[in-house]
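S.K.: Got a structure for you, written out below as structure tokens; questions coming shortly.
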Amino acid sequence: MGKGGALSEGVVKKILLSYAYVAIWIFLSFTVIVYNKFILDKKLYNWPFPISLTMIHMAFCASLAFIIIRVFKLVEPVSMSRDLYLSSVLPIGALYAFSLWLSNSAYIYLSVSFIQMLKALMPVAVYSIGVLFKKEPFKSDTLFNMLSISFGVAVAAYGEAQFNAWGVFLQLGAVAFEATRLVMIQILLTSKGVSLNPITSLYYVAPCCFVFLLVPWVLVEYPILKESSSFHFDFLVFGTNSLCAFALNLAVFLLVGKTSALTMNVAGVVKDWLLIAFSWSVIKDTVTPINLFGYGLAFLGVAYYNHSKLQALKAKELQKKAAAADEEAGKLLEEKNAGEGTGNRSDPQD
């Protein structure tokens, strides 16, 4: 009874901790998105410089990651050769830089709610690029699933009251770069046995992101900032914004490490619906019934895709366990046969 009580108490504690990790991640992800929108939107804080904001984030996150890894030694660095860094990390850093630049730029032109709806295309982009690079098998049922998600997003776009073609182009570009980055991580790092957690990822990737953004910043935003005498760097606003961005990476580390990637996917769906509700009720963005209907269709498609991926992972795990069991049984049989053979040879002859 006592053991059962202790076990149930431990299970309850584990469940509560999982919910806490999910709540922290949703809160921080929600905060970073709304905070970025607040800074970049011309009607709010009115600082429409997405490259500069992204560079501030990268510099802050890279500095904190360096302190955590090299000064306090709280996280072990990954063994990284110069050739591996140049051939694998640099391309991923370039993709990440452009993804963040374009996604932050979209906040200037689109509502928070509509951006979340467009982000539902991420599985479509990841699957398409995965098939292109032969990391995903082509299946007709998966293609139909991707088309259903795309149709839902198209319906949501049709019903968007504040549609802006340039903003949509920027957000779709961000989705394409981010999807390519995720596939490239599999090809350039995971396949080589290199695994980066969010802290080591920032340590290696954030500095090269900063460098890649430096060129467009000098050409696009620096001349405007140089001429603007009214702007004074607000350490409170940009410091807390960058801290939230870094804390979000820590939350990802906790959520995936202590729960699972599937939990993060489910939490992401909850966060998207909360952002849509917040955008409509607090920011007063217009959300039409056609918006919601289209996003609902896309949401069902994404949910089915995640379910299919989970079932495939379970099937693969079962195959691995069955193969391991067969291998173990084969070894035991070989040992038994070897033992019987030795016993027969040691019998006295008549």
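Glycine is treated like the rest: Cβ placed from N, Cα and C.
Note that the structure is predicted; figures quoted are calculated from it, not measured.
Straight from TrEMBL, here's the annotation block:
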DOMAIN    20-306  domain 'Sugar phosphate transporter'
REGION    331-350  region 'Disordered'
TRANSMEM  16-35  transmembrane segment
TRANSMEM  47-72  transmembrane segment
TRANSMEM  84-102  transmembrane segment
TRANSMEM  108-130  transmembrane segment
TRANSMEM  142-159  transmembrane segment
TRANSMEM  165-189  transmembrane segment
TRANSMEM  201-219  transmembrane segment
TRANSMEM  231-255  transmembrane segment
TRANSMEM  289-306  transmembrane segment
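In the displayed structure, how are the listed features positioned relative to their neighbours?
M.R.: Panel annotation: around the transmembrane segment (16-35), residues 112, 240-241, 244-245, 247-248, 251-252, 254-255, 258-259, 263-264, 267-268, 270-271, 274-275, 278 of the same chain, lying at least six beyond its termini, place a Cβ under 8 Å from a Cβ of the stretch.
Remote same-chain residues near the transmembrane segment (47-72) are listed as 36, 39-41, 97, 100-101, 104-105, 107-108, 199-200, 202-203, 206-207, 209-210, 213-214, 216-217, 220-221, 224-225, 231, 238-239, 241-243, 245-246, 249 (criterion: CB distance under 8 Å, separation of at least six residues from the stretch ends).
Counting only same-chain residues 6+ beyond the ends of the transmembrane segment (142-159), those with a CB under 8 A from a CB of the stretch are 114, 117-118, 120-121, 123-124, 127-128, 168, 288-302, 304-305, 308.
Residues 21-22, 24-25, 28-29, 31-32, 35-36, 39, 45, 47, 53, 56-57, 60-61, 64, 197-199, 201-202, 225, 263-264, 267 of the same chain lie 6+ residues outside the transmembrane segment (231-255) yet bring a C-beta within less than 8 angstroms of a C-beta in it.
A Cβ distance under 8 Å defines the sequence-distant neighbours of the transmembrane segment (289-306), meaning residues of its chain 6+ beyond its ends; these are 113-114, 116-117, 120-121, 123, 127, 142, 145-146, 148-161, 262, 265-266, 269, 276.
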S.K.: Quick one: average pLDDT across the domain 'Sugar phosphate transporter' (20-306), no decimals.
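M.R.: Summing pLDDT over the domain 'Sugar phosphate transporter' (20-306) and dividing by its length gives 90.
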S.K.: For the transmembrane segment (165-189), find every same-chain residue at least 6 residues outside the stretch whose CB is under 8 Å from a CB in it, and list them.
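M.R.: Same-chain contacts beyond the flanks: 87-89, 91-92, 95-96, 98-103, 105-106, 108-110, 115, 118-119, 121-122, 125-126, 128-130, 133, 135, 157, 195-196.
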